[in-house]
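S.K.: Questions regarding the structure given below will be posed in turn.
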Amino acid sequence: MTTPSTAGTTSTTPPAYLIRGASILGFDVQDLLLRDGVIAAVGHAATAEAPADAAIIDAAGLIALPGMVDLHTHLREPGREDAETVETGSRAAALGGFTAVHAMANSSPVADTAGVVEQVYSLGLASGWVEVRPVGAVTVGLGGERLAELGAMAESRAAVRVFSDDGICVSDPVLMRRALEYVKAFDGVIAQHAQEPRLTEGAQMNEGEVSAVLGLTGWPAVAEESIIARDVLLAQHVGSRLHVCHVSTAGSVEIIRWAKARGIDVTAEVTPHHLLLTDELVRSYDPVYKVNPPLRTADDVHALRAALADGTIDVVGTDHAPHPSEHKECEWAQAAMGMTGLETALSVVQYTMVETGLLDWEGFARVTAVAPAAIGRLGHQGRPIAAGEPAHLILVDPAARWTVDPSTMATKGRNSPFRGLELPGRVRATFYGGHPTVLDGRLASPRPASAPTTDEAPAWNM
Amino acid sequence: MKHLLSTQDLSARNALRLLDVAEEMAAVGEREIKKLPALRGRTVVNLFYEDSTRTRISFEAAAKRLSADVINFAVKGSSVSKGESLKDTAQTLEAMSADAVVIRHPASGAPARLAASGWIDAAVVNAGDGTHEHPTQALLDAFTLRRHRARLGGLPSAGSTLAGLKVLIVGDVLHSRVARSNVWLLTTLGAEVLLAGPPTLLPVGIGSWPCTVFYNLDDALAQRPDAVMMLRLQAERMNAAFFPSTREYSRRWGFDDGRLALLDTMGLDDTVIMHPGPMNRGLEISAAAADSPRSTVLAQVRNGVSVRMAALYLLLSGDPRDDDEPDAHDRTDSPPILIPEGRAS
């Protein structure tokens, strides 16, 4: 791949990009012409229509995929800028192959008002590396007592559609019912962090054979499964849309499969780390493996992979959760829960799903872009790679192998559980609205605020 | 052995080595001058994040009998988050050239974290971490059992395993670091371990342990154990609905006078009653049981010093017969482990 000569110049007309010989979704090899924020042409037409000054990108051996959409990212701003900022988190996202991320609401102050979600949204626009979609809190201050002003957030400039108290379960069944009902007014979705609070008081890790030996308080699978069972029935009763965050157990998969068979409007998410890692790693007592919900057993990992392959689980969400080092360089019980994930998601999903034959690259695009964009109601993301579509896409080298080194990552978080692991697949380029945020596997430049738009979703336009 | 963190990762060979060295240490304790120069000039830090006078003075006595310099570092306050981080404390001790850190901590895994972190180069001895392990307690229990059996058979204790011995551990296994360390060590040494307690106080996942589990204490006693180890019950467990009342617990799981008499009725004349202390008399153990000739409670305390001397000695002196070292078993002419001045002849 050659770096285009026009990148980084201050030419008045935004450059066009001619991508040569990319395998579209792992299938046909085609040329792509990106111009004015859209895929202007595909195939021979792309070469024919390319202006003379178009930057040429050699994509031989690379796969073109829709830009990934993360439904579950912690950007930490406002409040914990020592852990991450919108700027650093969205740089990490671009490098990881994302063109949109949903910023979770557990910032400080909590994103529970139109003001805070608009602040996060504006920070995203100013950064320009990816589309930053704020998630609104379900309850005021994540307190689980009163509904936040969901309507105001929905109608704000941020046009919030996903609401979540992530980190804390909306455990009160009446409040959960009301939230599910209320968001029907603006086609919203409640993304539930399924964790029965009484069953998980002081919980430190998956409850099972390993916790019994380590003497760490158990987080039983039933604490997740009982909430999911309740919530799918509530969603059915009120006819609303439920999204289950970070599903981690085989039993949860069974309940979601049952609910979908009944026609309940439920979607589900799995994290890359739950597709690969098990609670055996906790034997080291290294808090880099401490996460909520916790790492489970090998049986759970295999059930989650099968569920993602057969569509029971709809999407991969990173639950990217950066923490300052002092929150991990301590005893297990004192350590914060969470792992970084934006810059390793593609590789882990390739490793666990594509290289195992469970998903092809089209399936990869479904779970990392098409389905999450649909859940978040981002009409212009996760689109087909075809003429006239918005140019949110990535070029991936599936043959690359790399060793994870958290110290070189763009995120401020160094808490990657994949540290030292050799993984397949690298993002070579990311195009966000036709603008290359990543080229040659390195950050290029943010999308200028004046870049052309596709006149689709108002919230995405500037 | 660089550290002593758990009994689960202790090989039978290393465990026997520790117990045999402890026998030699016990012999020192019976001399007029109970002191060896083995660790002269070495510094042992007792880093205690939990109050435990018993364990702390046992380690202190052990280190002093080996002529080490002892620094007691009690971290005040129940909330660790209020104070200095473990990392900073460890680096401080490293800067003071501590050779060994004996750590007691309310968080499971804190000693393992200290040993693996690279914050400190010293040998780490786990003196009890959360609800994980308490390896020196298990070693002193094994030592006590071994001596008990040797005395019955008229044989020397050193070199013998616990093969054929049946040990029943009773009570709050879920929260007990003593139980965990004993399960692994006693089975490694060849004993058969039985566990009894209310199902609420036995961990989920116990099915994979090398033990037989009983919910009924009398059913477990019917298996004719050679030793019954009663675990301390923490009264606050009742508030978390692990059992209905202390009286019900005591009736169903306490070693009371009736069960003491039952041992006689069953003809189990050599069965001993063990307790790691401190005891709740009248709760998990009756006063008569605690004070009976079957009780090994004080022998356990005494043996604790010998076992801890052995642990500190082997960790700090470097054991030529250590099976962690690749060429260890090639040496047949290994030097004697102790070269004390004025050794009893």
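Cβ coordinates are placed from backbone N, Cα and C, and glycine is handled just like the others.
A TrEMBL annotation is a machine prediction, not a hand-curated record.
Not my notes, these are from TrEMBL:
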type	residues	note
DOMAIN	A:63-250	domain 'Dihydroorotase catalytic'
BINDING	A:H72, A:H74, A:D166, A:D319	Zn(2+) 1 binding site
BINDING	A:H74, A:L75, A:R76, A:N106, A:N292, A:H323	substrate binding site
BINDING	A:D166, A:H193, A:H246	Zn(2+) 2 binding site
ACT_SITE	A:D319	active site
REGION	A:442-462	region 'Disordered'
S.K.: Out of A:H72, A:N106, A:N292, A:D319, A:H323, give those binding-site residues positioned within 10 angstroms of A:H246 (Zn(2+) 2 binding site), comparing C-alpha atoms, in sequence order.
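M.R.: So the list is A:H72, A:N292, A:D319.
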S.K.: Rank aside, I only need the closest one: which of the binding-site residues A:D166, A:H193, A:D319 has its C-alpha nearest to that of A:L75 (substrate binding site)?
M.R.: A:D319
S.K.: In angstrom units, rounded to an integer, how far apart are the Cα atoms of A:N106 (substrate binding site) and A:D166 (Zn(2+) 1 binding site)?
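M.R.: So the alpha carbons of A:N106 (substrate binding site) and A:D166 (Zn(2+) 1 binding site) sit roughly 7 Å from each other.
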S.K.: What's the number of neighbouring CB atoms sitting within 10 A of the CB on A:H246 (Zn(2+) 2 binding site)?
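M.R.: Within a 10 Å radius of the Cβ of A:H246 (Zn(2+) 2 binding site) lie 24 other Cβ atoms.
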S.K.: Of the binding-site residues A:H72, A:H74, A:D166, A:H193, which one has its Cα closest to the Cα of A:H323 (substrate binding site)?
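M.R.: If we rank A:H72, A:H74, A:D166, A:H193 by Cα distance to A:H323 (substrate binding site), first place goes to A:H74.
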S.K.: Fewest other C-beta atoms within 10 angstroms of its own C-beta: which of the binding-site residues A:D166, A:D319 fits that?
M.R.: A:D166
S.K.: State which of the following binding-site residues has the fewest other Cβ atoms within 10 Å around its Cβ: A:N106, A:N292.
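M.R.: Least crowded of the binding-site residues A:N106, A:N292, by Cβ count within 10 Å, is A:N292.
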S.K.: Compute the average pLDDT of the predicted model within the domain 'Dihydroorotase catalytic' (A:63-250).
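M.R.: A mean pLDDT of 98 is what the model gives the domain 'Dihydroorotase catalytic' (A:63-250).
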S.K.: Other residues with Cβ within 8 Å of the Cβ centroid of A:H72, A:H74, A:D166, A:D319 at the Zn(2+) 1 site?
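M.R.: The answer, listed by sequence position, is A:T73, A:M104, A:G167, A:C245, A:H246, A:G317, A:T318, A:H320, A:A321.
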S.K.: Which whole-number value in Å describes the distance between the Cα atoms of A:H72 (Zn(2+) 1 binding site) and A:H193 (Zn(2+) 2 binding site)?
M.R.: 11
S.K.: Beyond A:D166, A:H193, A:H246, what residues of that chain have CB atoms within 8 A of the centre of the Zn(2+) 2 site's CB atoms?
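M.R.: Near the Zn(2+) 2 site, beyond A:D166, A:H193, A:H246, sit A:H72, A:M104, A:S164, A:G167, A:A191, A:Q192, A:A194, A:Q195, A:C245, A:N292, A:P293, A:D319.
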S.K.: Which residues in the same chain, at least 6 apart in sequence, have a Cβ under 8 Å from the Cβ of A:H193 (Zn(2+) 2 binding site)?
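M.R.: Those within reach of A:H193 (Zn(2+) 2 binding site), by Cβ under 8 Å and sequence separation of 6 or more, are A:S164, A:D165, A:D166, A:G167, A:I168, A:C169, A:V170, A:C245, A:H246.
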S.K.: Looking only at Cβ atoms, how many others are within 10 Å of the one on A:R76 (substrate binding site)?
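M.R.: A count of 28.
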S.K.: Please give the maximum pairwise Cα distance, in Å and rounded to a whole number, for the substrate-binding set A:H74, A:L75, A:R76, A:N106, A:N292, A:H323.
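M.R.: Spelled out: the longest distance between any two Cα atoms in A:H74, A:L75, A:R76, A:N106, A:N292, A:H323 is 17 Å.
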S.K.: How many other Cβ atoms sit within 10 Å of the Cβ of A:H72 (Zn(2+) 1 binding site)?
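M.R.: Total other Cβ atoms inside 10 Å, all chains included: 28.
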S.K.: Which residues does A:H74 (Zn(2+) 1 binding site) neighbour through Cβ under 8 Å, counting only same-chain ones at least six apart?
M.R.: A:E84, A:G89, A:A103, A:M104, A:N106, A:D319, A:H320, A:A321, A:P322, A:G338
